[in-house]
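First up is the structure itself, then whatever we jot down about it.
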């Protein structure tokens, strides 16, 4: 049959095959790398910043169900890959999840690799049966200052995220009781009453690790810098490895193992990247009587990670010196454990 005799449906099918078989725009990697100049690209919450397929530029990874090419890869941290299907010469595919267990969250079933908003405050991703969430609202901390001695977060009508407001002082000095509300623990660091070049140096405590096992995040806020400006500092933290069966190490007649001994040095992993060095790190143990064990004294050290694409990044990380076992544990149903604080006697760095 001649081309002119094709039905409209067959014409559309032939056109679709032609589009899927031709190379995607900008697919050629033979030329020199040309990346957009300026600031480092910012991706939406929960979307990874990855190296493109040509090994040139960093871009926001494609998500589940989105179109992808060899140059525009899918998000590897969510177990996604670009499924080109058939015929074999197709250059455009669809981001598909590798085989993994689905997740049940709030009565809804999500596929492995699927992202969703659990509420207006959190963006979540299902990955092989586990749900991980990142906050969509600002997690900043505002320290007391002369122009705002009593800051507090409030829920405003029509808005999802809480915002900071400044209350008027009520028979308090600027620094005393107001500052105490933000120092939930003693710290080895700058003296909060120290004046330096017209700057009242203030540093909050490190928050508890966002995860009870595996790699998490701990944060604090300080103005201990040359410009006396508030800045948020973060560090990686690992209270204990998730795969470790620590209960079997509890001695007979005891109910806790506070700081178990790790038999061999370990390498830390972060988003597919591995620490360059091995570390003989300390971790917190477990109890069989309902208590939980958390870091008591810590220090912060830089750790270098090497990624599969060759990039080397340096991150600050918490290293445990001592642990304490106690009954002040987070709730069993608290999936956002980053909101949980346990008193720690400071960072010794």
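Every residue, even glycine, has its Cβ placed from backbone N, Cα and C.
These figures come from a predicted structure and were not determined experimentally.
The disulfide bond annotation in Swiss-Prot covers 29-54 (among others).
Counting Cβ atoms from all protein chains shown, residue 56 (disulfide bond) has 15 others lying within 10 Å of its own Cβ. Marked as disulfide bond by Swiss-Prot on the basis of sequence analysis: 33-56 (among others).
The feature disulfide bond is assigned by Swiss-Prot to 35-57 (among others). Secondary structure at residue 57 (disulfide bond), taken from DSSP and collapsed to helix, strand or coil, is coil.
The Cβ of residue 43 (disulfide bond) has 15 neighbouring Cβ atoms from other residues within 10 Å, across all protein chains displayed. Summarising the annotation, Swiss-Prot assigns disulfide bond to 43-60 (among others).
The disulfide bond annotation in Swiss-Prot covers 68-82 (among others), and the record cites sequence analysis as its basis. Within its own chain, residue 68 (disulfide bond) has 62, 74, 82, 92, 93, 94, 95 as residues 6 or more apart in sequence whose C-beta sits under 8 angstroms from its own.
Taken from Swiss-Prot, the feature disulfide bond covers 74-95 (among others), and the record attributes it to sequence analysis. Within 10 Å of the C-beta of residue 95 (disulfide bond) we count 22 further C-beta atoms, all protein chains included.
Note on residue 293 (disulfide bond): other Cβ atoms within 10 Å of its Cβ, all shown chains, come to 24. A strand conformation is recorded for residue 293 (disulfide bond) in the three-state DSSP classification. Swiss-Prot lists 256-293 (among others) with the feature disulfide bond.
What Swiss-Prot lists as disulfide bond is 273-307 (among others). Just so you know, the Cβ of residue 273 (disulfide bond) picks up 18 other Cβ atoms within 10 Å once every protein chain is counted.
The C-beta environment of residue 284 (disulfide bond), restricted to residues of the same chain at least 6 apart in sequence and closer than 8 Å, consists of 239, 240, 258, 259, 293, 294, 295, 320, 323. The annotation disulfide bond is assigned in Swiss-Prot to 284-323 (among others).
The disulfide bond annotation in Swiss-Prot covers 287-325 (among others) and is backed by similarity to another entry. Cβ neighbour count for residue 325 (disulfide bond): 20 (other Cβ atoms within 10 Å of its Cβ, all protein chains included).
Positions annotated as disulfide bond by Swiss-Prot, on the basis of similarity to another entry: 292-329 (among others). Within the same chain, residues at least six positions away from residue 329 (disulfide bond) with a Cβ under 8 Å of its Cβ are 290, 291, 292.
The domain 'IGFBP N-terminal' annotation in Swiss-Prot covers 27-98, and the record cites sequence analysis as its basis.
The domain 'VWFC' annotation in Swiss-Prot covers 101-167 and is backed by sequence analysis.
Feature annotation from Swiss-Prot assigns domain 'TSP type-1' to 198-243.
Taken from Swiss-Prot, the feature domain 'CTCK' applies to 256-330.
For the region 'Heparin-binding' (247-349), the number of residues in each DSSP class (helix H, G, I; strand E, B; coil) is 6 helix, 42 strand, 55 coil. According to Swiss-Prot, the region 'Heparin-binding' annotation covers 247-349.
Residue 35 (disulfide bond) and residue 273 (disulfide bond) are 23 Å apart (CA-CA, integer value).
Measuring Cα to Cα from residue 33 (disulfide bond), the disulfide-bonded residues that fall within 10 Å are 54, 57, out of 54, 57, 60, 307. The Cβ of residue 54 (disulfide bond) has 15 other Cβ atoms within 10 Å, all protein chains considered.
Here the domain 'VWFC' (101-167) is broken down by DSSP into helix, strand and coil counts: 0 helix, 35 strand, 32 coil. For residue 35 (disulfide bond), other Cβ atoms within 10 Å of its Cβ number 11. For residue 287 (disulfide bond), the number of other Cβ atoms no farther than 10 Å from its own Cβ, over all displayed protein chains, is 20.
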